[in-house]
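**Student:** Quick one: the structure is below, and I'll ask about it shortly.
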Amino acid sequence: MKAFYGILIIFILISMIDLSKQVFINAKCRGSPECLPKCKEAIGKAAGKCMNGKCKCYP
């Protein structure tokens, strides 16, 4: 059971590190397809989505 909790803590830490790589850009959007060219221009990779009217890009 201790091993389970240890592995769970490791997964939580890894997911926190991975999620911190996202970048919010100051570009308004109404849908995720609008963010793809804006993310490509901002960070060089067309990977992102629209959240709360702003583009969120993933490097």
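Here, residue 1 is simply the first one shown, and the rest follow in order.
Cβ atoms are placed via backbone N, Cα and C, with glycine included.
The disulfide bond feature in Swiss-Prot is assigned to Cys29-Cys50, Cys35-Cys55, Cys39-Cys57. Sequence annotations record features per position, and here Swiss-Prot assigns region 'Interaction with Ca(2+)-activated K(+) channels' to 48-55. Under the heading signal peptide, Swiss-Prot lists 1-22. Taken from Swiss-Prot, the feature site 'Basic residue of the functional dyad' applies to Lys49, supported by similarity to another entry. Annotation source Swiss-Prot lists site 'Aromatic residue of the functional dyad' at Tyr58, citing similarity to another entry.
On this model, are these features tucked inside or out on the surface, and what's nearby?
**Tutor:** All protein chains considered, the CB of Cys29 (disulfide bond) has 20 other CB atoms within 10 Å. In the three-state DSSP reading, Cys29 (disulfide bond) counts as coil.
When secondary structure is read from DSSP and collapsed to three states, Cys55 (disulfide bond) falls in the strand class. For Cys55 (disulfide bond), the number of other Cβ atoms no farther than 10 Å from its own Cβ, over all displayed protein chains, is 23.
Over all protein chains present, the Cβ of Cys57 (disulfide bond) has 24 other Cβ atoms lying within 10 Å.
Listed as Cβ neighbours of the signal peptide (1-22) (distance under 8 Å, sequence separation of 6 or more from its ends, same chain) are residues 56-59.
Within the same chain, residues at least six positions away from Lys49 (site 'Basic residue of the functional dyad') with a Cβ under 8 Å of its Cβ are Ser32, Cys35, Cys55, Lys56.
Annotation for Tyr58 (site 'Aromatic residue of the functional dyad'): same-chain Cβ neighbours under 8 Å, separated by at least 6 residues, are Lys21, Gln22, Val23, Cys39, Lys45, Ala47, Gly48.
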**Student:** Under a three-state reduction of DSSP output, how is Lys49 (site 'Basic residue of the functional dyad') classified: helix, strand, or coil?
**Tutor:** strand
**Student:** Give the three-state DSSP assignment (helix, strand or coil) for Cys35 (disulfide bond).
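**Tutor:** In three-state terms, Cys35 (disulfide bond) counts as helix.
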**Student:** List nothing but the one residue from Cys35, Cys39, Cys50 whose Cβ has the fewest other Cβ atoms within 10 Å; the candidates are the disulfide-bonded residues.
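**Tutor:** Fewest other Cβ atoms within 10 Å, among the disulfide-bonded residues Cys35, Cys39, Cys50, is found for Cys50.
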**Student:** Rounded to a whole number, how many Å is the Cα of Cys50 (disulfide bond) away from the Cα of Cys57 (disulfide bond)?
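**Tutor:** Between the Cα atoms of Cys50 (disulfide bond) and Cys57 (disulfide bond), the distance comes to 9 Å.
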